[in-house]
Structure formats: structure tokens, C-alpha cells
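Down below is the structure, laid out as C-alpha cells.
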Amino acid sequence: MSLTEEIKKRRTFAIISHPDAGKTTITEQLLYFGGEIREAGTVKGKKSGTFAKSDWMDIEKQRGISVTSSVMQFDYAGKRVNILDTPGHEDFSEDTYRTLMAVDAAVMVVDSAKGIEAQTKKLFEVVKHRNIPVFTFINKLDRDGREPLELLEELEEVLGIASYPMNWPIGMGRAFEGLYDLHNKRLELYKGDERFASIEDGDQLFANNPFYEQVKEDIELLQEAGNDFSEQAILDGDLTPVFFGSALTNFGVQTFLDTFLEFAPEPHGHKTTEGNVIDPLAKDFSGFVFKIQANMDPKHRDRIAFVRIVSGEFERGMGVNLTRTGKGAKLSNVTQFMAESRENVTNAVAGDIIGVYDTGTYQVGDTLTVGKNKFEFEPLPTFTPEIFMKVSPKNVMKQKSFHKGIEQLVQEGAIQLYKNYQTGEYMLGAVGQLQFEVFKHRMEGEYNAEVVMTPMGKKTVRWISEDDLDQRMSSSRNILAKDRFDQPVFLFENDFALRWFADKYPDVTLEEKM
């Protein structure tokens, strides 16, 4: 198979949702159809002993939530599928946002009882900003939920995107009978031995079912007043195809997967800082690091840099340019993933995600090129933390483990590090409380370094240039610090302290990140 044909086979997407909408469960079912697991491990608490394949970190297994993005790959129906299962918890939006820079499409999972929730809306806005296609899976039809028409209306109003139902539920909860498949023009049956039936058989099958008449009325209404189906509108991110189903009972998931792969886009190009778009079919290899993860194998204390291949082909042992440093690197020890399990890979192509063993060479956002190519891809989003804690080792004899743990976890981008300019104290910044809990858990579990964490409360953060730096500007209400890149930064007690500082030092430029 030619390189072009291989690249065109790739389908790389992220699954996004609000916590508990069933995102990890649907990921499990997709892996099941891809032949990667024998049974889908439903998400359960710590007593059951059954854990989701994509939730590999101890704290994820204990809590039943995803706090880091998993990467999984399988072959299905002539396509090579790369799934990125993202954290649903709002504290981990930074990791999720970066992950969304590495995909060509998104699958949005919605709880049929709750509709569009806060985190779903937040993540959708990022996807919309990138104009990537969104496919919607309305989940949990095995439970009682809201009316399908009401859910479609909310989706369009809240998210500002047109929708087109690919199927329609026949009943819900205990009265759930199946799906009226508009795209494949058939019925998918929830009960009984037969999986499918023709539309013509519907009247006989559901002769005594009051829901079926309502279904036919709803479909007639949608055909008269609903949006037209347009493959181009889907690819442009203007229309979301909507699928109903139940991930827990594995109903409607395979039909979704088949149809998704029919319409999901091939790998797309990425913009450089100079505004050029690198074509995925270009011969020369290029890619970018969108995530760094330490201790995927705690026994080996390893670090993996996740790279999205943008163009060309990776071959084991190839040399690359690291544009940020101007130095070269050799890609000899490279893996692909199934959550925590992995295998060495000798070649991969545009659209694929590879893991490069990292000894401290790479940073999130790094561009890799070959030959004379020295361009950089557009920077990944960074976020200003809102809450802070001082951190120190509980045992001074564990200083080495403490520093190694902090260095690796900060390089992952899971938490941000600041150092007090005058005292040298370490301060951690996060967008939510859960990040601190995960940091503490991982420091103790992965690095055997107990930590003392002292809350500092909320802070307003602004960066300044080295030229404007004057240590006399620091006070109890505005702490002068350095970030992990040694850039000077002020942590203001509140907005009032920020305004007071700006009035007192009008010539100092204060910079805000995202």
C-alpha cells in the first residue's frame, strides 16, 4: 500500500463529555469492536475490581474518573482508528484542550437525562474554534431521559450548531424498544434474537406500542422542518450528526462506529507560525508534542512524549530536528498504545499518535521536522492557574525524590510550578482543586515523596518582562516569582491588588495568558 493510501486510512478523534456521561464506557465498546479487548470493562468503583481499560492510573481506577488523556489504536473496517479518551473532569481542561489540537474530529457524548452540561459546552467551544467535525452520541437510552426533540433543540440553541439525527429512539428506559435508523433505513431492535428489521416490518412489530406512532410523527416533523443532511457541512463543523444509543448495554454503538467512519475526515494539515499549512500527504515527516506523561510504567520511572504525526512517515531510528533548541534527536525507542499497554513501533504515518521515550529532551508544544525543514507549528494553548499552594517535602531526606517528582509532573503540564523570587519556596498553580489531589497522590505513589501542601488561596497572575523587573515591587499582596521557564511573574492577592499595582507602576506591562 502506498504512503498516500496509508495516510488516507487514518481516523483520529477525541471523545469529549461532561463527567459521568458515559465517555469511558463508549470508548470501551469501541475497543471491543476493534478486537482490542475481550469484554468492555464498565466503569465501576474500587470495590468491584473491574476497571476501564482506558483508565490506567491508580487514582483513576479508584475514583472512576479520567484525569489524563489515554491514547488507543485499533483497525476496523479497513481503517486505522486512533482514539484519544480525554479527561471529563473540569480541572483537567488544560490536558484536554491540548489533546484536541492533535485530532481531526471529536465525538461528543451526552447524557440523555441531563442534556448539554457545563463541561460539554466548554469543550465544544474549543472544538468549534478549530472547525473540526463533531459527531454526537446521546447516551443512556436504557434509562429514562428527556424527549429526543427537546435534546436536539437544546443542542442547537446552547451550542449554536445545526444537528441531523441519524437514528431515533423507540421508547426510553424500561419502555426502550430500539432505534429507527434513518441513515441505513432499517430498525435496530433492543429486545429479542433479531438485531435488525426492515422499516416495513415496523408497523407489525410495534402494533401495540404507543411510542412507535410518536416516533413516526417525530420523523415526519424532522423531515419537513429539520436540517438537510450535508457531508460538507459535517466536515466544516457546521452540522453535527446525532446518534442515540446505550453504551452500557452496547446498543447502537457499532452502528455509530460504522457510520462515523463513513463520514469522519482523513488527517488534516496543521498551520505553522508563519501561516503555512503542512499537507499530511507531504513526503517529509513532521509532528508536534501535545502531551508528556511520566510513569506510565511506574516500575521503570519512564517519561513518554506523545507526538501527533502531521505529515509523512515515521521510521524507527530516523533523525529529527527539534526546532525549539535547534538540535537533532534520534527516534529509536518509539511505542504505540492501548492505554497502559504498549508495543514498539517501526513505522507510523500522518494521523497516527506515537510515544517517544523522553529523558528530558522534549516539552509540550515542540515541533519535530526532518532535513532542512525548520518550521514550528502554532503554539498549543496554555492556561493561567487560579488557585495556589506552597509545597515542600515532608522528609528532608527525600529531597532528591521530591525534586525529580516535581520536575516530571510539571513537565507533563498537569500542574504549574512557580518559585518565590526572594525565599525560593515552591508554589504550585492549578485551575482546580483536583489537580492538587492528583499531584499529591502521584508524588507519594510514584516517587515515594510525601509532601506538605499549604493553601495560598486564589491569585490573579500576570507576567512581566525582565526589563521591568524590580524586587522592590514585591509585597505581601503581590508575590514576585519565577515560572518554570524562569520568566518573572506576579501573583496578586486579588483584582484590587492588581489594579493598585497597575496604577502605581503604569510603565510596567502586565501580560495575561489564556
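Positions of Cβ are set from backbone N, Cα and C atoms, glycine also.
As recorded in Swiss-Prot:
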- 8-268: domain 'tr-type G' (DOMAIN)
- 17-24, 85-89, 139-142: GTP binding site (BINDING)
Binding-site residues compared (SER17, THR86) - the one with the fewest other Cβ atoms within 10 Å: SER17
Assigned conformation of LYS23 (GTP binding site) - DSSP reduced to three states: helix
LEU141 (GTP binding site) CB neighbourhood, other CB atoms within 10 A: 27
Neighbour count (Cβ, 10 Å) for LYS23 (GTP binding site): 30
All-chain count of other Cβ atoms within 10 Å of ASP20 (GTP binding site): 17
Mean per-residue pLDDT computed across the domain 'tr-type G' (8-268): 87
Structural state of LEU141 (GTP binding site), classified by DSSP into three states: coil
